């Protein structure tokens, strides 16, 4: 018997804010019949969020390529020279702020900046990133950066600059992680998240579907996120973009229903987080995207590029959201609870 067909007294409260999920519980939710899962996720979403509010975030690679990490999915890794991504220096502050202003004019509320570093070094480049953050905030936009690992001091300086959120994805569950990355441990990722939280910055943290992981690995990743208190401010759900020249270049395309299931499950276990339908969305039909929105996804990356891969066109996204009667999202909460 599915969860939606249980008598009322036996219905689990899937909209409760919890931090004690087991992998088995999350796996059971994920594996519900798809229509039951989407129905329950939509109920939770409407209980905690405005379903007509979908945030648009713009993403810019401010320093591209040459990363010393060996993440198997990433064309920016110096280990994957066959991916053909040229190494570029950190962009000038003025160039980044011009891109942010253009993104705002196109309808984005959040501007995300990514640098291909293992960890930023204190000095002129980190100072430039701080200036970028201050400039983006001065435009009236939310600012998010992903720079690799952070020390507590660096997190504190980013907080002082006004950073809204820091992205540091877990990528997958702890048991599958070492199949994908050997140069940074899971615990190091968790420590960076702790440093970000301690500084009072919102946490943006999610993962990637389609790297060869099992469903239990996906549930385990969501468990780690959902058992953090508070929940992440935003949770990016990515479908692998299999880039030629990377170790995962031959991975099969992700089934769109797998993304729907991940969005729905993330919504149920983290009711108030922004669930961001992220990389790989370009491969989805309009109808598949709508299913993800119905299941609780309430943020997208807006703009024709995501770091080094293609994204949906702005005009196509604007037309889809208009057809759905969805307005541009308001600024997100500083924390998910």
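Glycine is treated like the rest: Cβ placed from N, Cα and C.
The [4Fe-4S] cluster binding site annotation in Swiss-Prot covers 67, 71, 74, and the record cites sequence analysis as its basis. Annotation source Swiss-Prot lists [2Fe-2S] cluster binding site at 112, 144, 204, 276. Feature annotation from Swiss-Prot assigns domain 'Radical SAM core' to 52-281; the stated evidence is sequence analysis.
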What is the Cβ neighbour count of residue 276 ([2Fe-2S] cluster binding site) at a 10 Å cut-off, with all protein chains included? 27
Using Cα coordinates, what distance in whole Å links residue 112 ([2Fe-2S] cluster binding site) and residue 67 ([4Fe-4S] cluster binding site)? 18
Using a 10 Å cut-off, grab the number of neighbouring Cβ atoms around the Cβ of residue 112 ([2Fe-2S] cluster binding site), all chains included. 30
Compute the mean position of the Cβ atoms of 67, 71, 74, which form the recorded [4Fe-4S] cluster site, and then list in sequence order the other residues of that chain whose Cβ is within 8 Å of it. 69, 70, 73, 75, 76, 77, 79, 80, 116
Excluding 112, 144, 204, 276, which residues of the same chain place their Cβ within 8 Å of the centroid of the Cβ atoms of the recorded [2Fe-2S] cluster site? 57, 59, 110, 146, 165, 167, 234, 236, 299
Which of the three DSSP-derived classes (helix, strand, coil) applies to residue 71 ([4Fe-4S] cluster binding site)? coil
Counting Cβ atoms within 10 Å across all protein chains shown, which of the binding-site residues 67, 71, 74, 144, 204 comes out on top? 204
Cα-Cα, whole number of Å: residue 67 ([4Fe-4S] cluster binding site) versus residue 144 ([2Fe-2S] cluster binding site)? 20
Any idea what DSSP makes of residue 112 ([2Fe-2S] cluster binding site), helix, strand or coil? strand
Rounded distance in angstrom between the Cα atoms of residue 71 ([4Fe-4S] cluster binding site) and residue 276 ([2Fe-2S] cluster binding site): 21
Under DSSP, is residue 144 ([2Fe-2S] cluster binding site) part of a helix or a strand, or is it coil? strand
